[in-house]
Amino acid sequence: MRMPSAISIGVFAGLSLAASAVPSLRKNGTTCTVIPLGNGQDDVPNILSAVDECGQTSGGRVVLPAPYTYRINQRMTTHLTDSRLEIGGTLLFSDDIDYWVNNSYRVDFQNQSSAWRITGHDYVVDGGPHRGGVDGNGQLWYTWAKGGSNVFGRPMPVHVFESTRATLRNLAIRQPQFWAVLVDSSSHINLDNFYVNATNHDSSVSPEGEWVQNTDGIDTYRSDHITITNWVYQGGDDAVAFKGNSTNIHVENVTVYGGPGIAFGSLGQYPDRTDIVENVTVRNVRVQPSFQRAMNSGVYFKSWIGVNYGVPPNGGGGGHGYVRNVSVENLRLKDVQLPVYIDTCLSYLFSENITQYCDTSTYEFEDLHFRNISGNGLATVTDYPGKNISFAVALLCSEKAPCTDLTFQDISITLPGNYTGKHVLCENAEVEGLPCNS
């Protein structure tokens, strides 16, 4: 995005200082415009008032214009019906970690939480031509979590919840506290032209200073008919992830810098739940490392061990369900550690002896089709429980639930010239189009 000139920065400063001299909420017909209060004051009450006045009226508009920055000092739910929320400016979440840990909305998955819920129907959230959006103040959270996985209390900045027939577009999410976007219990949602960037600047967080775990770009959960197009993601975790009961999903034109790429999962974590992921198309995706984070994989599938060991978020397992009717097309790889793989031995209890449960999963993967995948792998992954999986493709399916109907067409993945191992590993997998274990 083009940086503002010195003149525009000066204008911004003047507008910010003068904000208190003009009404912070102005209404003109069915359009409500919010001007920030400034001086670190909470803008949530005025934003919610604008939504009440203009966001629930047919044809209504709530406008948060550029170049303003709006302070989000408390959780908020914006309920929109037949209206538009235009975010030309930036929603900046406060640095009050104690508040967010204790007051964010709870999410019914892995004891997670969110800071901003968007609910309703037939609405548009638009960042405009310069991509307004969100600043999650994420560095505070990356340092606070200090490399821990799924640390309780880190809220997601954008939570599309119980929404139908909605479009979110032209949005930038910088430094998200946790996952950038969660689409949850929703249907017929279009998300187009997003930029997500999670970058750690604190070298004390990990030896390499690269830690940006749990900063997914977007996750879908209990949602149907979701379209994700024209995304750029830079971070350290899944760019796009499909959680349980994500159906009829279309993903196209996604560029990924760093992290594990496109993820199906995690799935089967809860023994009392059935997780279904079905009818998913992923097309035209490019993946490569960022300046800070390796590219772990291009596309991968992950289900939990088949016994319930430990408790969520990092333990669990024994759940049921299936991934079915998936098409992955036109995947371009650059310097990817493990381009394509299936993992049915998932647990985040790394200090435990999980290898004894690696063939216990009854979660099913079937009818998965891969076409036109090219680029290079690094053959550097060695940390799968009890195995070296330095391959281009590793399909590690459970003995209790073999993977069936996996097809590959036009696959061209090169490995380093000095690599002498196998290129493809198949365990308990019915595969067509690839020479298994060769």
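Every residue gets a Cβ built from N, Cα and C, even glycine.
The disulfide partner of C397, as annotated in Swiss-Prot and taken from the candidates C403, C426, is C403. The Cβ of C397 (disulfide bond) lies under 8 Å from the Cβ of I342, T344, F365, C403, E427, N428, A429, each of which sits 6+ residues away along the same chain.
Here the repeat 'PbH1 4' (277-303) has Cβ contacts under 8 Å with residues 199-200, 209-210, 212, 234-236, 239-240, 242, 244-268, 319, 321-344, 346, 361, 363, 365, 368, 370, 373, 375, 381, 398 of the same chain, all six or more residues outside its ends. Counting every protein chain shown, the Cβ of D237 (active site, proton donor) has 24 other Cβ atoms within 10 Å.
The number of other CB atoms found within 10 A of the CB of C403 (disulfide bond), across every protein chain shown, is 24. Summarising model confidence by region, the repeat 'PbH1 4' (277-303) averages a pLDDT of 96.
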